[in-house]
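Novice: Pasting the feature list from TrEMBL:
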| type | residues | note |
| --- | --- | --- |
| DISULFID | CYS921-CYS948 | disulfide bond |
| DOMAIN | 24-178 | domain 'F5/8 type C' |
| DOMAIN | 184-359 | domain 'Laminin G' |
| DOMAIN | 364-538 | domain 'Laminin G' |
| DOMAIN | 540-577 | domain 'EGF-like' |
| DOMAIN | 576-626 | domain 'Fibrinogen C-terminal' |
| DOMAIN | 784-948 | domain 'Laminin G' |
| DOMAIN | 949-987 | domain 'EGF-like' |
| SIGNAL | 1-24 | signal peptide |
| TRANSMEM | 1210-1231 | transmembrane segment |
Amino acid sequence: METPAGTGLKLLLWILSHISISQAASPSSQKCDEALVTPLPHNAFTSSSVFTSGYAPGYAKLNKRGGAGGWSPLDSDHYQWLQVDLGSRKQVTAIATQGRYSSSDWTTRYRLLYSDTGRNWKPYHQDGNIWAFAGNSNTESVVRHDLQNPTVARYLRIIPLDWSEEGRIGLRFEIFGCPYWADVINFDGQGVISYRFKMKKMKILKDVIALKFKTSESEGVILHGEGQQGDYITLELRKGRLLLNQYGSILGHTSVTSGSLLDDHHWHSIVIERYRRNVNFTLDQHTQHFRTNGEFDHLDLDYELTFGGMPYSGKPVSGGRRNFKGCMESINYNGENITDLARRKKLDSSSFRNLTFSCVDTHTFPVFFNGTSFLQLPGRRDHNMVSVGFQFRTWNPTGLLLFSSLADGMLELALNDGKVTAHINVTQQKNMRVDIASGSGLNDGEWHDVRFLAKENFAMLTIDGDEASAVRTNSPVQITTGSTYHFGGYFLRTRASPVQRSFQGCMQLIQVDDQLADLTAVEQGRMGAFENVSLDMCAIIDRCMPNQCEHGGRCSQTWDGFTCTCDGTGYTGATCHTSVYEQSCEAYKHLGRSSDSYWIDPDGSGPLGPFKVICNMTEDKVWTTVVNDLATQTAVTGSSRERRTVLQLNYSASMEQVTAITNSAEHCEQHVAYACRMSRLLNTPDGTPYTWWVGRGNEKHFYWGGSVPGIQKCACGIERNCTDSKYYCNCDADQKQWDDSGLLVYKDHLPVSQVAVGDTNRPGSEAKLTVGPLRCYGDRSYWNAASFNTPSSYLHFSTFQGETSADISFYFKTSAPYGVFLENLGNTDFIRLELKSPTVVSFSFDVGNGPVELNVYSPTLLNDDQWHRVSAERNTKEAILQLDQKYKEVRPAPTQGHTRLELYSQLYVGAAGGQKGFLGCIRSLKMNGMALDLEERANVTPGVKPGCSGHCTSFGMYCRNGGKCVEKYNGYSCDCSTTAYDGPFCSKGQYAYAGTLVKYNLVPEVVAAASSLDEKSVIHNLPVETNLTHEDLTFSFSTSTSPSLLVYISSKTQDYMAVVLRQNGNIICSLKKEGFYCNSKEEPFWVPQRICRFHIQPLQTSNFRCLSVSSLLAETGYIDPVLIEKYNTPGFVGCLSRVQFNSIAPLKAALRSRGSAPVSHQGKLVESNCGASPLTIPPMSAATDPWHLDAVHFQQIFLLNYSFNSGECIFLAGIIAVVIFTILCTLVFLIRYMFRHKGTYHTNEAKGGESSESADAAIMGTEPNFTETIDESKKEWFI
C-alpha cells in the first residue's frame, strides 16, 4: 500500500509532466513577433534589378540608412520585386514597410508572395482575394500590417504595385514572426505508415487528427482506418478537393467535401475533431461543423490506421484509389506524434522503398495570365508539322490558349464554352481549313492537359491524355510553320488574327516542337518575350470555396467573381441571404392576407429553412397550425409497463422549426385524447403512470390534456368531475369504456413527439389515441416594441456578429425629423442606420475599404407617426437598403478589398455616441434573423418604455366595410359587429344553402306595446336600428334562374317592400304604401349566372314615406299572394349574401348570434363557399318552399340563399312621391307627372371607399381581388 506522501509525489510528477508536454506541444502559445529581417546578411536579399550599387536590396532593412537608404530598382514598373531568404522556414505574422531614407521614393501599394524553395510562388490571400497591402505616403513613417492568416515560408517576395508620384519605387521593410520546425515525411505514392492501436478492435468515441500536406497530385488517400465490422474512416484528395468519408453503425455513412485547388504544391493544414457524432472539420482555418449519420456514437475500427494510402493487407479493395504522393508534416493522432514515431522507427514503414524525412519538391514553373498578358516562345520555322502541348487551368469558359501565324495562314487553340477548339486556316489554298473540338466542362479550375499535332492532311487534338477524347481529321491541308507561338494572348493587329484575344488562368509544362520550354531562360530575358505575366506562380482563387452562397444556393464563378443561383431555396439576393417568406402568420395577416396555407420563415436569414403551415385569421387572433401524421384514434393493443408501445409523431416541420414557432408565440395548445377500454392512463392518484408523452427537449411528461406540468392528473381531475372520484383520470377507474381528453397548453413542452402507451395487454383492453395538430397564436417578436421618449435614451445589446453577411430589419414610427436607429462600432469598422431627414433613411458602414453610405428617399414624409419598414443587408457582393418594401438602393461591393465587418462595441439601439437620438417607436427588430427583445431591455432602461401604441393609424385601413379598428397592446383587431361582414378584416360575407328561410324581427321589444301606444311615444322608444326617415338595403346575389323573390320586408298592414327578379331577367324594386305602389324602372340583369350587388335608398320627402312607422310596428307581416305567386315560383335558386338593412345584418346574425338576436331560420343554414361554379340545384317543390302561403309570418326580412357572390353590381333606387292636393282636374295631371319624373331609380358606380355609408362601395375600392373565385364566364353588372 502506497503512502499518502508517495501518492502526492506521483500526482505532482504527473502534473509537471503534463505541463511540460503542453508547453512543448504548443510553442505558438508564446508571442510570435520577432524581427526576422534585421539580423540577415546582405546576400540574403535579391531583387529584379538595382538602380545603382548604393540602392542594393541588402540596404532595404527597416529604419536603416546604409547605402542610399533603401532599395530602388533600375526601372519603376510592374516587373520589379524584392526578395529575402529567411534561412529556414519561419512562421510569418506581420510585415512593415518604409520609403527610402531622405528621398521622394516610396511604395504606396504592394503584394506579398511566399515560397519554401524560392520557386513556385504563392500570393498571400485575405478575404478571398489576392491581397494588396497599403504602403507608405512618405519616406520615414512605418506602416505595419498584421497578417490575418499567418503563414510559414522561407522565401518572401514583395511586388510593388504603385509608388510615389514624385519619385520612384523605394523600399525598406521588416518581417515579423518566429522560428518554425516540424517533422516531415515524403510519400512516394507507394509506401504507407501504419499506426497500430494498443487495444485491438477499439470502439472509439473521440478522435483528434491533425496534419499538414502539400502535393501536386489531385488524387490520393491521406488517411484510412477500417474495422472488421465494416466501420471505416477515410480522408482523401479527389479532384483537388478533400473528401472525408466515415461509415459507422446502421445507416451511418457520412461524406463531407472541403477545399479545392489543393494540388498547388503548397502547404495545407487539416484538423479533424470528432466527439461521438459531432465533427469539426477544419481546412486552412475554414471550419465545417456537422453531425455524422447513424445510430451509435463510436467507431468500431480495426487495430490500425494507415497514413499515405490504403493498407496492403486490408480486406476491402481500395476501389482504384491512389496512394498519396507528396509531403506531410506534424501528423498527430489523439496526442501521438506520428511523424516523430516514424522517424524513431516505432511504426511500420516496410512498404516504403526509401523513407525520407525531407520534402522532395517537383517544379513545373507555372505561368499566370491576367487577361492583358501573353507569353511568346520561339519555334521551328518553315516546318511541315506543328506539335504543341501544355497544361492549363481556368474558371472562364472562353479564352485564347495559343496562336501562331503560319507561313500562309494561322493556327488557333482556344477555349469555347468549356471545350478546346483547334482552328487551322491556310489562306493561299482553297478549302484548306480545319476545325476540331474536344473535351467539355474544362473551365472547372482543375489542370487539363492539351496535346495538338498537325501535319500534312492530318490533325489530332487530345485532352487529358485520354485516347477517347482524341479528335482526328484527314482534311487536305498543307502546313508551313511560322517562327513564334503566342500563349495566353495575342494583341497584334495583323491580317490573320484570332477570334479570342486573351486568357485568364494558368499554364505549365509548355512544350513546343516536342521540347519543354525553358521558362527560366524566358524570365532572364535569354529567349522569348512576355508581357504582364507572372512567372513561376499560379494565382488562381476558388471563389466558391468556401461557398458564399447561403441556404443551399448554387455557386458559379469566373476568374474575377462569382454568382449565386437561389432558385428553389426560398431565399433571394446576391448571396441567397434574404428569405422570400414572412416570419409568421401574424405578418401575413398584416399584409391583408386571409386564412390559407403559407410558407413562413421564423428566423429570416437564419439557419432554419422555410416551412409550410396553416394560418387561420380570426377576428381577434391569428392561429398557426402545424399538423402531424398520427391518425385520429390510433388503436393500441398488447402494451405493458415493461414493453410499452411507443407512437412516434412526425410533423410537417422539423423540431427546430416548430420550436421557433412556440418560442415566439403568445400561446400554444395541442389537444390529446385517450379513449380507453379497460386501459389505465396515469394510474392516479399515487401509482407509476402507465402512459406518458415526450415533448420538446425529449423529456417525459406525466400529466395529460387539461392539466399542467407537475400535476399528474387529467382534465377531470383538475375539474373534480372524474367518473370515479378516487381517481384523477376517467380511464384510471379501469372501466369498460371512457375517455380522457383536453388541451396541453404549456408551450415549452410542446409539441408532442412521442406517446408511450403501457396498459393494453389484458384481455379486452384497448386504447385509442388522438393527438391533434399544434396550434399557436400571436407572434411576440412581430409586436415586440420599445418607445424612446428622450433624445439621450437608448438600449444596448451584445456586439452584432455580421462579419461576411449582415441583415437588419425593423419597423419604426416617429414624429421627429431625424434620429439614429442603431449603431455598432469597431476599431475603424462600423455599421449605422438612421433617419437623416423627414424623407431620407440612411444605411452606412465601413469594412475597412472606407465609409459607404446608402440613402433611400421617400416621396412622402416619414415622420407621420405611422409604421414604416426598413431592411438593410450587406454581404460580400453588395449592400441593399429598402424602405416600405417599395424604395430601394443597391450598391455593388468592390471586387478587391476587405470583406469582413469587425465590430467590438455594444450594439446601441435608439441612439449613438455623439449622434442624434431617436424619438419614437421601434418594433420587430431582427438582426441576421435573430429577434432582439426590446421590451425586456426597455423594462430596466430609463427613458425607454416597452411597447408602443397607435397601431390603428397604420393598419386601420385593413378594416373594411365599416369595420372599426380596435387598438391592442400587441397589434390591433377589426370590430365587425355593426357590419354585414365577418372575418379578420370585415370582408367575409355570410352564405347558406338552398331551401333556407331566414326571419329577422326588426322591433320585437316594442311590437307587443304597439296597439296601446300612440305614434309619438312609439317613435321615442324605438331602438337605434329603426330609421324613421329612410331605409338602406344592401345585398349581393348570383343566380341563373328566374323569376324569383330576393328580399321581402313585410308589415302588419298590406304594405311591403320587395326586390324581385322578373322572368325576363330584369330587376325591380317594388314598394306598397297605403294603397300606393312604387315600382322602380326595370334594370337588365341577364340571368345566365350574372352577379349583382344592390344598394337601395328610398329618398326622403316631407309628403311621402314608402314605409311609415306604423308599418314597421305591425305585429303580423302581410304577404302579398300575387307577388309571391308571380315571382317566387318555383323559388329562388342562387346565392344571396352580405345582406344589410339599415344597421341590421340578418344573415350574419343568424349564423353568429346563437339565439341572442331576434332571428330564426327554417331549413339548413351553414356557411358555404358558393358562386365559384354554375349552379345545378333543381327547383324546390311546393312542400319545401319556405315562401308557401300556409306559413305564418311576422314583421321580418326574408332571405333565400344558395351560393356565394364574389362580384359586384350596385343597385340604387330612389323613389320620391310628392302629392299636392289642388284642383281636381290638375290633381290627376300632377300625380301622373310625379310618377313619370320623380319615381326614378338612381344608380351609382363604386368610387372606392370614400363613402363610409356604403360598405359595398368600400369593398369595391379596397378589394382588387374581390372577383377571384368567380367563373370566367360571369360578368359584373352595376345597377
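Going from the start of the chain as shown, residues are counted 1 onward.
Yeah, the Cβs are placed from backbone N, Cα and C, and that goes for glycine too.
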Novice: Just how many other Cβ atoms lie inside 10 Å of the Cβ on CYS948 (disulfide bond)?
Specialist: 24
Novice: What does the DSSP secondary structure composition of the domain 'EGF-like' (540-577) look like, as residue counts for helix, strand and coil?
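Specialist: Split into helix, strand and coil, the domain 'EGF-like' (540-577) gives 0 helix, 10 strand, 28 coil.
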Novice: Considering only Cβ pairs under 8 Å, which range in 24-178, 184-359, 784-948 makes the most contacts with the domain 'EGF-like' (540-577)?
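Specialist: That would be 784-948.
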Novice: Does the chain bring the domain 'Laminin G' (784-948) near the domain 'Laminin G' (184-359), so that three or more CB pairs sit under 8 Å (pairs 6 or more apart in sequence)?
Specialist: no
Novice: Across the domain 'Laminin G' (784-948), what is the average pLDDT of the model, as a whole number?
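Specialist: Across the domain 'Laminin G' (784-948), the average pLDDT comes out at 91.
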Novice: Name the residues of the same chain, 6+ apart in sequence, whose Cβ is under 8 Å from the Cβ of CYS921 (disulfide bond)?
Specialist: ALA785, ALA786, SER787, PHE788, PHE812, LYS813, THR814, CYS948, GLY950
